[in-house]
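As recorded in TrEMBL:
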COMPBIAS  1-10  compositional bias 'Polar residues'
REGION    1-23  region 'Disordered'
DOMAIN    24-486  domain 'Putative ER transporter 6TM N-terminal'
TRANSMEM  38-55  transmembrane segment
TRANSMEM  67-87  transmembrane segment
TRANSMEM  92-113  transmembrane segment
TRANSMEM  157-175  transmembrane segment
TRANSMEM  184-208  transmembrane segment
TRANSMEM  220-244  transmembrane segment
REGION    353-397  region 'Disordered'
COMPBIAS  362-383  compositional bias 'Basic and acidic residues'
COMPBIAS  385-395  compositional bias 'Polar residues'
TRANSMEM  635-652  transmembrane segment
DOMAIN    659-794  domain 'Integral membrane bound transporter'
TRANSMEM  687-707  transmembrane segment
TRANSMEM  713-732  transmembrane segment
TRANSMEM  739-757  transmembrane segment
TRANSMEM  777-797  transmembrane segment
DOMAIN    798-1019  domain 'DUF2421'
Amino acid sequence: MDQRSTTSGEHPQPQPHPHRRRPLPAWLRHFGRNDLKVTFRCWVAVWVSILLVFIDPSLQNIGQSTYFAAIVLFIVPPAGILMVYLLASISLLVGMCLAWAWGLLAMKAAFAVRSDDEMRRLLQSLQQQAVAIANQTGQPAAAISAKLVYDGFLLDARVVAIYYVMSCIFIYMLARLRYANAKFVLLQVLGTITIDVFLLTGPILSHFKASLVQVLVKPAVIGIALGVACSILIFPQSTSYVLLTEMEKLIRLLEAPLESTRRLLAADPLADDAELRSFKGAIVGTFKVMEPALAFLPLDFSRGRWNADDVKSLHARVREAATASLFLLNFHISRGSATAQMERLGTSIAVKATNSTPSSRDTPKIDDQVAQGQDHRPAEKESSPLASSNGSESTFGLIDAMKSPEHSAIRPGLLEALQAATADVLQVNSRAIQLAAETVHIVNTSRWHLGASSKARLESLQPELEEMQARLQTAREACVISTNDAVIEAHGDLFDENGFLTHRSNSNPLALNGLIVSMVLEERIANAAATTEQVIHYLAQLLALRNRTRLWLPTRLRYALSWLTSGDIAAPVPGTSTGTAVDPDDVKTQMEDTRRRLRMVSKGNQGARAPKNRSVLTRAVVGTYRWLFNPGGVYALRMVVVTIAVAIPASLPSTAGFFYRQKGIWAVIMAQTCLLMYMADFTFSLVSRCLGTVIGGVLGMLAWYVGSGSGDGNPYGMGAATAVLALVLMWWRLYLPPALAQASIMTAATFMLIIGFSWDEYHIVQYGLPGVGYQAFWKRLVLVLVGAAAAFIVQIFPKPPSATRYVCKSLSNHVRTLNDHYALLISQWESHPNQHRQQPNTGVAAAAAAVAAEKISLKLTEDLMDLNDAIGLLKIEISTTPFDQAILQRTRDRCHTMNQSLGKLLVLSAHLPQHLRLRLGQNTGLVEDKSVSNVTCVLRIVESSLRTGAPLPERLPVPLVETCFLAWNRHHEKAELSVELVRSQEYRQYCVAVSAYLSFLATLDDLVGDLKVTVGETHVVQRWEEEVVVEEGV
């Protein structure tokens, strides 16, 4: 027997590669043409803003904070499309302008508490004391007067109180706004920094000064203007260009599932689980990157072959292809983790096999029973597989029964047959993916100039795409036929001469495992090929229709006028499709309908809820308390407390001068920006900011002493030195992982502060400058540490906010969403068949419903992927909850699997024929009230346990897979499996639906088991008679 066929259910360990070179870190692998263009554009903007510091007229006009323009560009680099950059920049400016306006109100109110006579007497006293000191020291009286003002000579407790009250209210509201919507983080950070200038400097001023924060706002506007200019003039990127670039990356990523499939069928060592999950994360992450650009696509002004509607329609087809590839990739991820899972659960399953108890993960067994449709008569129950006590063979059978179809072993010889049957379609699909990516690349990069070779290649692409589509369609159809023949031949002993399933009362219950896994794999490969076929078909249409380059204006107004004058909106490529296309507006309508149904499912029955017997006052008090002390309220209160604590020295006459000279505002800003809502994020932020300060300080001193030596600053040397280091800093800002964005910004900010203030020391007259080079860095480092210490104290008292609790609550919310999706699935599945017959355009409506289902499933996938960073930081947090990083990671993976299964079922609810839907619902108990109540109750209990950490009841309606098996037994169906059904595409979809539903139940069973091990069990049912017997025996 072939060794490869006998070990097909296992994954050989990859052999070590002694000469394999380690790849470069991800942030160093950005030397592509597009990445270099983006880097150059951002570097030019930053370097020009730095040069403004060394140009004396601009320095004198802008002020001592001219360097702030470069800091703004490091915070918001012009790396993307213009509209997104403008949105972020406007958010930043709005925060600064709001703080400016609020600060002026506070200043006006503060000066109103002192009468003109009182203020006149204070100024006279100030002048007299300045003259006296000037006579003694020989210094100018004006300089002495300014020093006395900054030393707090005019401080008044009433003025200080007004500034603190007004500023803290503003800081509190900005913090609440940031918590409510993370998109306002730039508004909150820059608004808080701006109001700090009023808080720390306003109380010591001698007169109303409306231009107090102009020293920050003016360079910020200049920096944003430089960013806008570079976005327009240096390698400009339209919205469609960015979208097509990301789509090209996404199309190339579709090769990873195909390569994994080839390696699986060839019995080659598979990629490790981390690599497969990284591919999945890359696909989902690319989708997320495209979302902002997709929102601005109707406002796009671009030059090229394709307009915004073409790009949007292409995006929809690429999304479908990526979704199909994700299903295929999830197959390999599940199979790749099977070995470790079997080692963990094998012992307990062996015990269950010995006790003849049904396993909680009899997924393939149910598939087999549903496929066989055997009539379980009482006479046959004695020979039922469940009652078998066969030794090791039964044990291994039950271990196999634990697996989902992705984990099942394949019959000897079938693996080679599947490899031969699918080789052509996999190869053609890979070539189609390469051709589609090449087409998108050439069209996207030839907007302004099309060389002779590119033009010739573009002209030859259309017939190649059409030929590739025909080849892929032929290969897909041949693959289906060949795979079916191979599966039937491998399982020929299970069918009689008429092609019907033979009666095998004593057969292995897992005899059809290979058939089920083959049909599931075949369906996923065929879906991946079909969606790729749609992509290249649409690309061929676009090349035929859009054969020249032109300017495309924004389409929003045109669509609005078209919507008013016509009841339908023309398709982006009208009249070129031979099949029924899905109108994007129909998809939008269906998406809104799906969301409406989800809201109805989630909201529940309002009439069944208990009436609110509380008084209006009680509800107001409870609501106010919850609003004040929810996580956002606690974060805002911490922000106010740390601001007051660090800013107090600036308001005391004995320390005001010292605070101003030593730039104490740096400590205040560090304390405010370091505070975060959860402890793990705070710890990581604290460490990364401190490291960024040290690295930025070293780079700043290097630039200063290399460019200026021991002199007062050489503009040419400084320009050259900062040009090199600015490139390094911008590279870090653009390409380091998002988690290190704060560290890169802190590094750049410290670098610019040292450069800027060192230059100001010799070229501008200003009291309280921090010094040159090392002096500025030393003060910066000490103040950053002081601010970090203050933030740490405020963060941990009275109770540190736990990131573990945040992840638990987020997962609890996601489980609730899965419960809503499950209720929506049952609602869709129970829809009366006559409803579909009465609706016109049923095919279009079904396709739109399927697209809507894919979108809500993909949205939950993105939300679950967003928890990766938060879960990764839990290793540095000490938590009092029973949950740790490992169990939360497993819970997130379980939610991924359940979401994938429910998403597939939602899609199939729109495509599966009605008779097969009814059969599946009856055989598995999908729509039975008892099954539905069991699943929803278990999901609700899991949700509550994740939120509170409470133990689960010992007796729950689990294993749910066993309940599903018993539901099938009650129907006593006849055997319906035949060779003809195996060849049926509809029956393959039916098998995929059965597999998805049972995978959902099995994963939920696993999740319950994991939580019971973590949080324990409660309401344990004791067997009192056994304890009495034990006591009597003792």
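Each residue, glycine too, has its Cβ placed from N, Cα and C.
Remark: secondary structure over the domain 'Integral membrane bound transporter' (659-794) totals 111 helix, 0 strand, 25 coil, with classes taken from DSSP. Below 8 angstroms of C-beta separation, residues 670, 673-674, 713-714, 717-722, 725, 728-729, 740, 742-755, 758, 772-774, 776-777, 780-781, 784-785, 788 of the same chain, each at least six residues beyond the ends of the transmembrane segment (687-707), sit close to that stretch. In summary, the transmembrane segment (739-757) lies against the transmembrane segment (67-87): three or more C-beta pairs, each 6 or more positions apart in sequence, are under 8 Å. The stretches the transmembrane segment (635-652) and the transmembrane segment (184-208) are in mutual contact, each linked to the other by at least three Cβ pairs under 8 Å (pairs 6 or more apart in sequence). Long-range Cβ contacts of the transmembrane segment (92-113) within its own chain (Cβ-Cβ under 8 Å, at least 6 residues beyond either end) map to 72, 75-76, 119, 156, 158-159, 162-163, 166-167, 170, 174, 184, 186-195, 197-198, 202-203, 205, 207-210, 212-213, 216-217, 220-221, 224. For the transmembrane segment (38-55), the residues of the chain that approach it from at least six positions outside its boundaries are 30, 62, 66-67, 69-70, 73-74, 77-79, 219, 222-223, 226-227, 229-231, 234-235, 713, 715, 718-719, 722-723, 726-727, 729-731, 733-734, 752, 755-756, 759, judged by C-beta separation under 8 angstroms.
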